[in-house]
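Below is one structure; the comments refer to it alone.
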Amino acid sequence: KTSTRTRCAFEVAARDQGAGVTYLEPSASQIGHKESIKDTARVLGRMYDAIEYRGFGQEVVEELAKYAGVPVFNGLTNEFHPTQMLADALTMREHSGKPLNQTAFAYVGDARYNMGNSLLILGAKLGMDVRIGAPQSLWPSEGIIAAAHAAAKETGAKITLTENAHEAVKNVDFIHTDVWVSMGEPKEVWQERIDLLKDYRVTPELMAASGNPQVKFMHCLPAFHNRETKVGEWIYETFGLNGVEVTEEVFESPASIVFDQA
């Protein structure tokens, strides 16, 4: 997958530590097309000390890790976004003023993919009070939920999944969301997704429903919060929404810490 923040973060971090970086564009690589993942892994593993992969299937990054012989970092797959979790955990720690195991956060929206999955597992592993607010059809898979509950038994985390957005955000320190339509999905899914998720939009009213005047808003970006992008304008013209998963008022408010997070 193409990238802005993830690529820049990896390249800046590597160069700050004195490492060289090579970027292979999706269109310029033969991975999985003319050369198998297994063969590519064994070639790159002989040239590089580490590999960062950002793509679609989790099975690809796992196969790279199996055969490369060097560390492989998951920069994002459809299923997980672990390096974003490092940023999210640090951001919550910086802004909460209390230990993570005393911190509560909610994720509202489509929770089936990398951010919903990863935040649920993150909260469980760190002993946090983590809530998912979404229609049940958009919850993480049973396997992810089971893994979160297993981790929570070890850490004392509290896991809540609910279809009630206001219940999800009650007394939390942070409210997370993400885009409602993921990269690679067709435009045709927008109407269905908007119908399903309209009650999970992060608005000033939902922020207030937390009952916490210090609650913070988080989003891994990019966000559809206004009409200033081609997609944002198309959504407005097609569905009448100025901002989708979050309103401009929340995104640009003092409660928004998305740029610290990103």
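Here the Cβ of each residue, glycine as well, is placed from N, Cα and C on the backbone.
Quick look at what Swiss-Prot annotates:
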type: BINDING; residues: 3-7, GLN30, ARG54, 81-84, 219-222, THR247; note: carbamoyl phosphate binding site
type: BINDING; residues: ASN114, ASP178, SER182, MET183; note: L-ornithine binding site
type: SITE; residues: GLU94; note: site 'Important for structural integrity'
Alpha-carbon distance [GLU94 (site 'Important for structural integrity'); ARG54 (carbamoyl phosphate binding site)] in Å: 27
Binding-site residues (ARG5, ARG7, ARG54), the one with most neighbouring Cβ atoms at 10 Å: ARG54
Euclidean distance between Cα atoms of ASP178 (L-ornithine binding site) and ARG5 (carbamoyl phosphate binding site), Å: 15
Cα within 10 Å of ASP178 (L-ornithine binding site) - qualifying recorded positions among PRO82, GLN84, GLU94, CYS220, PRO222: CYS220, PRO222
Residue among the binding-site residues SER3, GLN84, ASN114, SER182 whose Cβ has the most other Cβ atoms within 10 Å: GLN84
CB contacts for MET183 (L-ornithine binding site) [other CB atoms within 10 A, all chains]: 12
Top Cα neighbour of ASN114 (L-ornithine binding site) in the set of recorded positions SER3, ARG7, GLU94, CYS220: CYS220
Fewest other C-beta atoms within 10 angstroms, as judged across GLU94, ASP178, which are the recorded positions: GLU94
Candidate recorded positions GLU94, SER182, MET183, pick with smallest Cα gap to SER3 (carbamoyl phosphate binding site): MET183
For MET183 (L-ornithine binding site), the one of ARG7, GLN84, GLU94, CYS220, PRO222 that lies nearest, given that the recorded positions are compared by Cα: PRO222
Rounded Cα separation (Å) that holds between GLN84 (carbamoyl phosphate binding site) and SER182 (L-ornithine binding site): 16
SER182 (L-ornithine binding site) versus binding-site residues ARG7, PRO82, CYS220 - nearest by Cα: CYS220
